[in-house]
Amino acid sequence: PYAKMGYWDPDYVVKDTDVLALFRVSPQPGVDPVEASAAVAGESSTATWTVVWTDLLTACDLYRAKAYKVDAVPNTTDQYFAYIAYDIDLFEEGSIANLTASIXGXVFGFKALKALRLEDMRLPVAYLKTFQGPATGVICERERMDKFGRPFLGATVKPKLGLSGKNYGRVVYEGLKGGLDFLKDDENINSQPFMRWKERYLYSMEGVNRAIAAAGETKGHYLNVTAATMEQIYERAEFAKQLGSIIVMVDLVIGYTAIQSMAIWARKNDMILHLHRAGNSTYSRQKIHGMNFRVICKWMRMAGVDHIHAGTVVGKLEGDPVXXXXXXXXXXXXXXXXNLPQGIFFEQDWASLRKVTPVASGGIHCGQMHQLLDYLGVDVVLQFGGGTIGHPDGIQAGATANRVALESMVIARNEGRDFVAEGPQILQDAAKTCGPLQTALDLWKDISFNYTSTDTADLVETPTANV
């Protein structure tokens, strides 16, 4: 009877300092949704399965999480949105590990629930202030790169596994020389028998430095420093710094604590930190269980990464357009207002934490440039992996096609044209004087990955009359 034990309080007045969480609760048949929601509140804060006398030794009314609102999810029969408030004192300052151990620690295996999903959180300013936030942030990154008013362009070296160091460096050089700002290691290239990390760093940085000399622009290659232990990660990152790299990357799978450590290292060493969300779909893709990717975006902004993969709107990986825009908003805005159709359930003030740059990658190509610029805006890294490396005339041509497509779209935008409607025409005009772009448009004109997303918003705007 969690509800009777004080974990259900419909009259609770939310404090500015409370951490708020929204769970999608699917109770087992016969379990009352309010009771199920109170159980989630209890099991993620102070309760255990029975009443214990040691409760009397604590200020237990203060430390109980309170479920304060339960709504049925539209168009479902057995799912409910449970709003839960946690007192800020339940959490250790500046520790994502502790936050997740509480909120997502034990409740997901709870028997009274068929499934449970963490949909959104509101982190109070007082709590956010205990986190460093992004090491560099989008403003400083633009100043370091000397690139303003347009998205950054990147590409991932393909094939992701099997290249030797020298050939890997060639790919980096050609992509950057063709006009990209960044090339990146893939998430699973660390230090394998076919190419050890030091060899890759040396050849890649040679490619970067030559491309910079040729183009006169600042460029970078995301050197993946992911490794088995924190000591090895630091060793690789230090070596990358000695070679003059401006950016390193880590995978989400190294864990929240390691990511926070790397973010602190990155700020101390004036390094941009790119986070690849490797492994996130294991818990973020299903609609009824796990957690929503936007929660990870929020945690990662607190942890302090500069780039995070946030979905593409038009590519090959999972992501509903509306929700992808929202994941991007969580990363970039200074204060996000509640927006139910986008799945943003709470207002969130980010205090003075810097902004993360969202990264769009996976199955995008230059023929979609107008849509990408429209949906994602300018503070984003557009990564064309196959869209660069897969160009018939070679990597440098693929890079040039992407850069020309982007620049033509930005010029049209600056001239005040409707670049979304005129997008295909703008690209065609630009392609008249750029062979590689023409080739790319001809090759990929019809490719798009049209599957319905498994993770879509539940609350949809419905048109009302007389407005």
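Count begins at 1; order follows the chain as displayed.
Cβ atoms are placed via backbone N, Cα and C, with glycine included.
Some features that Swiss-Prot has for this protein:
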type	residues	note
ACT_SITE	K158	active site, proton acceptor
ACT_SITE	H276	active site, proton acceptor
BINDING	X106, T156, K160, R277, H309, S361	substrate binding site
MOD_RES	K184	N6-carboxylysine
SITE	K316	site 'Transition state stabilizer'
Open item on the list: Distance check, please: Cα of K158 (active site, proton acceptor) against Cα of S361 (substrate binding site), rounded to an integer number of angstrom.
Closed with: 13
Open item on the list: Under 8 Å between C-beta atoms and at least six apart in sequence, can you list the same-chain neighbours of H309 (substrate binding site), or say none if there are none?
Closed with: L275, H276, R277, P358, V359, A360, S361
Open item on the list: What does the structure give for the C-alpha distance between T156 (substrate binding site) and the residue listed as 'N6-carboxylysine'? Integer Å is fine.
Closed with: 5
Task: Residue among recorded positions K160, K184, H276 with least C-beta crowding, 10 angstrom cut-off - done: K160
Open item on the list: Under DSSP, is K160 (substrate binding site) part of a helix or a strand, or is it coil?
Closed with: coil
Task: Entry from the recorded positions list K158, R277 having the most other CB atoms no farther than 10 A - done: R277
- [ ] Measure from the CA atom of the residue listed as 'N6-carboxylysine' to the CA atom of K160 (substrate binding site) and give the result in Å, rounded to a whole number.
- [x] 10
Task: Three-class DSSP secondary structure - R277 (substrate binding site) - done: coil
TODO: Using DSSP reduced to three states, classify the residue listed as 'N6-carboxylysine' as helix, strand or coil.
DONE: strand
